[in-house]
Amino acid sequence: MDSAILSLAGAFVLSIIGLFVFIWSLRKGLLVENPAAASVIFARGEIGHTDDPAAADGERRSLQAAASEHGSAGHGADAGELQDRVAADRSSAFPVFMFIAFALFWLILGSAAGLVSSIKLHEPDWLNQQAWMTFGRLRTVHLTAVLYGWITNAALGMILWLLPRLLRTPLHAPVWTMLGGALINTGIAAGIGAIASGWSDGMEYLEIPWQIGIFILVGFVLIVLPVLYTLVNRKVEHLYVTVWYTVAALLWISLLFLVGKMPGVHTGVQQATTNWWYGHNVLGLWFTPVSVGAIYYFLPKIIGRPVRSYNLSILGFWTLAFFYGQVGGHHLIGGPVPGWLTTLSIVQSMMMVIPVVAFSINMAGTMKGRMHLARYSPTLRFMMFGGAMYFLSSIQGSLESLRSMNAVTHFTHYTVGHAHLGAYAFVTMVLFGAVYFMMPRVLNWEWPFPRLITVHFWLAAVGIGIYFVALTVGGWLQGVAMLDPARTFMESVAVTLPYLQWRSVGGTLMLASHLVFAGHFLAMALRFGPQRTGAALFAHSRELEVVYGK
Ligand code: HEM
């Protein structure tokens, strides 16, 4: 038996054993409802207090008033615990700023490359004088810049900000994390340069040459070590579910990257299997847990109410951990791989409904009666949008893995629409929201022009809406045309043309939203705008920090 099949079978057996251990722990009552763990994100007396540092002064008051109508406002929060939070935020501020600044740079570069690639699909003669300008290279530059440059940097920044808060412990050895970040970004820059000049490992999501990948791997290790040290030396007893999601995700991505990039180990069909084992796991075991973990923190924190069911959130975590490992095989349906491998992957893809439904029920319960708070909280809008899109993209993904549906959608633009529903509408929107929440605490400055946050939200939401609908309809028609023996292949290409043009319209709005976001971030970092004493601001004196620095 070759190594790829062996590792898949091993992962399957492990997930089944894990499932039985999980059932056993349920029977033993090890997962009884745990309100103390659900409240760990609040200081004593803080439940009932809303919190959105991105909200302007008036919005903040309306947010609290609207929340108070539906629940108790709680008493004053424990000053000592708030002070601990201020210290935790301080410990991670510099690395977090560094990661987010890198993330924004790659977001602009990556989405510009995405837009140019998109236009090329309906204007194929545009910008093709140089090899690096051709579709094949620019598409890959886009992918590497947005997935590794934007999402990975933003996720790392967010994890480093969240963990000290959740563990009530200052980040250990922040310099190591910065060194790790520098190595990762050197790797990304070198990788993009290599891809543009035609040097690539040639596997989707793993295009960065392995020699450069070493930088990224060492970078991850330098981040994982201080995170683990901080975790072990934490001051809290209960590990909030966000800690489970984010720390596990950090370990998973490091391991995935190590296995996926090992040179000379996988060849032929095995290589394709490993490629998609990596390709889908990077979405499911890195982007997804980080974003789900973020929603589990920010959403309850903003509305001032603990998550509805802590146990359901843990169930979501473990089922994600058990079932995700084999999902990638559904990319190989119809390929020259053993039938059992794709069937196993289809079954596991359907099982993914469990964590998604667990998450959605939990969030609906937590938000019950408080949906309207999104009117006043910019961060909440992004989080709610992202959460809803998690449900949609995961259910769509499970259905796409069915052989009947896959027969139509595989090799069409439909899949690209799905990829953006997950990577953009879900993950990227959640990360936008997280950046809006974190930065006032990190930079000690409010967002200078709060209206720009709303402009950003609507440009991005409408842009991805157009993008997704256009490619879903166009991709489906393309698939149907390809399956029809009476029609020529060129017909299946021509039918997509108007939809590809609409995708460029959606992409232009998305890029415009990113420019607004990056401009606003720059204005904030350069201390533009009025200095207000609203929710967002850490005041200069220590006492006021406690008052405002929630
Ligand atoms: C943070 C923002 C974005 C993320 C995370 C993202 C993610 C992705 C992913 C995962 C793929 C691979 C899809 C697949 O192979 O199935 C992809 C491809 C692509 N994306 Fe994006 N994307 C983003 C923004 C954009 C924007 C603004 C545009 C502009 C139109 C765009 C245009 C494209 C194009 C043209 C492709 C290649 C599709 C193909 O090969 O047919 N993306 N992107």
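Each Cβ is built from the backbone N, Cα and C atoms, and glycine gets one as well.
Annotation comment: TrEMBL describes 6-26, 93-121, 141-163, 175-196, 208-232, 239-258, 278-298, 310-327, 339-361, 382-399, 419-437, 457-479 (among others) as transmembrane segment. Marked as domain 'Cytochrome oxidase subunit I profile' by TrEMBL: 97-550.
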Within-chain partners of the transmembrane segment (382-399) [C-beta distance under 8 Å, separation at least 6 from its ends]: 288, 291-292, 294-295, 298-299, 302, 349-350, 352-353, 356, 359-360, 363, 367, 371, 374, 405, 418, 421-422, 425-427, 429-430, 432-433, 436, 457, 461
Cβ-Cβ under 8 Å with the transmembrane segment (278-298): same-chain residues at least 6 beyond its ends: 41, 147, 151-152, 155, 158-159, 162, 166, 203-206, 240-246, 248-249, 252-253, 256-257, 259-260, 307, 313, 316-317, 320-321, 324-325, 327-328, 330-331, 352, 359, 363, 379-380, 383, 386-387, 390, 422-423, 426-427, 430-431, 433-434, 437
Proximity of the transmembrane segment (141-163) to the transmembrane segment (239-258), 3+ C-beta pairs under 8 angstroms: yes
